[in-house]
C-alpha cells in the first residue's frame, strides 16, 4: 500500500495475492494456481465504492505512482496522473495497479517456477488473452472485497482491458476510461508485432524460449523488438523536433556504427529494455494484443459486442498517434452510441504519438480530471 500525506506520496510497497483455484484460460489451458503482484494507492472508503483499477500497457506493470524506499528514481509509469490532488486523485479514489498474469514484474509468468517441474515455465507458459487478464483482475477484486469499481482505466493495451471489463462484467464497473486504444489491431499493427517476435525468436540465445536454463537472455532480439516498437510509439514530428538529423559526433563517419542521434537513442532504449524485461513475456503480451477483437464473436459487429455494456465511458485519442489512430477511437465511440451509452470523447492535439497517453499534457490531464471529478463514490 502507498503511504501519502496531503501533498505528495512517500513510498509504496508491492503486495502479493495468491490464488489456488484453477484458472481456465481462453486457450483451453489451465493454471492450477498463480500469484498476482499489485499496489494500492489512497484509502478504500467505508462503502467500498471508490476503487479504481488501472490496467497497464505492454511494457507496464503494477507500479503506477510513488517511489520505492530503495530507489529514489523509481517513480511509477503514471506518476504524473495519479496522486493527491492530481487528475486521478488518491484523496478521493482507492487505486489498484496489478502486474498482469504472464508478466515479468512479480506475477506468475514464464520466468516463474512451475511447481510440477521445479523449473521455469519458459515456453510452456500458456498464451494469455485480455479476457484472461480480466478474469484474474475480477478474482483480485474479490480478494480485496470490491464488488464494483468506480472506474477501470488504461491506455493502449490497458484501454483494451477497460473495454473488456465493460463486456464481461458490466455490473461491476461504473465508468471506463479508454485512452489511446482500439477495438482490434489493424493488419499493420499485427505485422509490427510479428516482426518484433521474430527478432526475439531468431536470436541464437532464445533457445526455443528456454534461455533460462542456458543462463542467457536473447538480448539482441529483445533489443531489436523494443527499437522497432519504440519507433511506432513516437510521431514523426516528435522525432524531428527531438533528434532531427543531428550527428552524434558532428560529422559523418562513413561507417555502420552509430552516427545519428536517433540511432543512439533507439539503441539506448533497446539496451535498457532488454535488461529489464523478459522476452517470453514480450511474446505473450504482443499475442494478447493481436487476439483482442471483441467484435469477432458477433459477426464483426462492434455495436453488437457492446449490447450489454452499462458503464459510462471516457474515450480519448491523440492527433499524432498513428499506431492507434483517432479513427480507431471514433469507431469505439460510434459503437457505444449505437447502444445509447453515455460517452465523452476528445481528440487531443499532441506531438508525442502513441506515447502521448503517458505524457504530462495540461489539456489531457484537465480532461481526465474533469471526468473523474464527476465520478460519484
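Start at 1 and count along the chain as shown; that gives each residue its number.
Even glycines carry a Cβ here, placed using N, Cα and C.
The feature active site, nucleophile is assigned by Swiss-Prot to 156, with sequence analysis given as support. A 10 Å cutoff on Cβ-Cβ distances gives residue 156 (active site, nucleophile) a total of 26 other Cβ atoms nearby, all chains included. Under DSSP, residue 156 (active site, nucleophile) is assigned to coil, being neither helix nor strand in the three-state scheme.
Positions annotated as active site by Swiss-Prot, on the basis of sequence analysis: 321 (among others). Cβ neighbours within 10 Å of residue 321 (active site), excluding its own Cβ and spanning all shown chains: 27.
Residues or ranges marked as active site by Swiss-Prot: 354 (among others). Classification of residue 354 (active site) by DSSP places it within a helix.
Summarising the annotation, Swiss-Prot assigns substrate binding site to 226, 355 and lists sequence analysis as the type of evidence. Taken residue by residue with DSSP, residue 226 (substrate binding site) is part of a helix.
On the 0 to 100 pLDDT scale, the model's mean across the domain 'AB hydrolase-1' (50-359) is 97. Residues or ranges marked as domain 'AB hydrolase-1' by Swiss-Prot on the basis of sequence analysis: 50-359.
Summarising the annotation, Swiss-Prot assigns site 'Important for acyl-CoA specificity' to 323. The Cβ of residue 323 (site 'Important for acyl-CoA specificity') has 22 other Cβ atoms within 10 Å, all protein chains considered.
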Residue 323 (site 'Important for acyl-CoA specificity') versus recorded positions 156, 226, 354, 355 - nearest by Cα: 354
Cβ neighbour count (within 10 Å, all chains shown) around residue 226 (substrate binding site): 25
Alpha-carbon spacing, residue 355 (substrate binding site) to residue 321 (active site), which is rounded to whole Å: 8
Pairwise CA distance, residue 156 (active site, nucleophile) versus residue 321 (active site), rounded so that it is a whole Å: 11
